[in-house]
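What follows is a single structure, written as structure tokens, with notes after it.
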Amino acid sequence: MDHRDLGLKHSIFQHIGEYSIEALFRVSKDYGKKYGVIGVEKGELIEREVSRLQLETDERPVIGDWVICQELQGDDVITELLPRETQLARTRSSGTQQAIAANISHIFITTSMNAEFNLNRLERYLVLAKASGVQPTVVLTKRDLVDDPSEYVNQIAQLDPSLLALPVSTQTGEGLDELLSLIQKTDTCVLIGSSGVGKSSLINFLLGEEVLETLDISDEGARGSHTTSNRFLFMLPTGGLIIDSPGLRQVGIGASTKNVEETFSDVEALADDCRYRNCTHEKEEGCAIQAALADGSLSPRRYKSYLKLMTESRYADNPEAFQRERHRQWRQVTKNRKEKEKVLGRYKEF
Ligand SMILES: Nc1nc2c(ncn2[C@@H]2O[C@H](COP(=O)(O)OP(=O)(O)OP(=O)(O)O)[C@@H](O)[C@H]2O)c(=O)[nH]1
Ligand SMILES: [Zn+2]
């Protein structure tokens, strides 16, 4: 085996500099202070537990990162964090971005074909994929529960005709070979989606064993006193890698207005035809978006989803504005509470 089996893309090589390839490792477990890393020595996979030195960047290594590890005074340490090709990030409460996983080549957006199916949520995930610069595929899970998945596939085609939507079932095995065939040897994939859509079941299938359920117990035994990591990079037996991280399972992830515009290119294209350049698409005369809503060519659902994600992403573009808005909302809450107390106080007087 070699580093390509760990997902090494050619582009990372230029950053290795004077180090030997044996010093190159990939972060596979994140314990907070310590990390699990994997590398290759004499054609064999090696796993190490390392801590990090004060790095030149403020950035903390995350799962999927490529790092340089060296032995210093008997300890294995991360001495350098290599530049990321892609990263998935979320917006902190302060409005700044925090990386969750790095060097990902494929995002599988998972959604099940039942009440959980939600186009707004899908659009949110598509914006996230845009923000990360990563190719998304929609995986429609629980294929065995529906007679005909085409109703779901068609709805996704309406969001973006170039987007692949793949119905699968871990119960019957349908679609799973196609899913596997999408993962190349040097690919690093993540599955994102709501709780219960079947992500763990899919990861277990890809790994060929029930790793996710049994992991906590065996890992704790092997690690002794360390807190068990719940962020993992797994190597698939069929080639390629997959990241499982609870941070990736949440939806509140940051993206810029540009990412939203790209995801909603149909709505943006309409806006080009508005009479006024600074059209707010609300009441203006000659608004192409209002016209499309009126003639039914743009659905009110998609329009609302677009406006909502645009508003959110404006804050990601501008953390200070994000802070101001939070402050304003907080003042409003406090004011409401004071007013309520006033009213209640008055009642007490009676
Ligand atoms: N009918 C059917 N049920 C499935 C399928 N895949 C998973 N399930 C069931 O759906 C439930 C949730 O599956 P998980 O794999 O734990 O879902 P998850 O997305 O990992 O959920 P979290 O761990 O909470 O994020 C379990 O009861 C599974 O047995 C499927 O293809 N068909
Ligand atoms: Zn308009």
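Just so it is clear, glycine is given a Cβ too, placed from its N, Cα and C backbone atoms.
The candidate list Cys189, Cys287 contains one residue that TrEMBL assigns to the Zn(2+) site with Cys274, Cys279, His281, namely Cys287. A separation of roughly 40 Å, to the nearest angstrom, links the Cα atoms of Cys279 (Zn(2+) binding site) and Thr141 (GTP binding site). The binding-site residues recorded for this entry are Arg143, Gly193, Ser195, and the Cα of Gly193 lies nearest to that of Cys274 (Zn(2+) binding site).
Checked against ligand 2, the binding-site residues Ser195, Lys199, Ser201, Cys279, His281 give Cys279, His281 as the ones with a Cβ under 6 Å from it, listed in sequence order.
On its own chain, Val197 (GTP binding site) has Thr110, Thr111, Ser112, Glu116, Thr141, Lys142 as residues at least 6 apart in sequence with a Cβ closer than 8 Å to its own Cβ.
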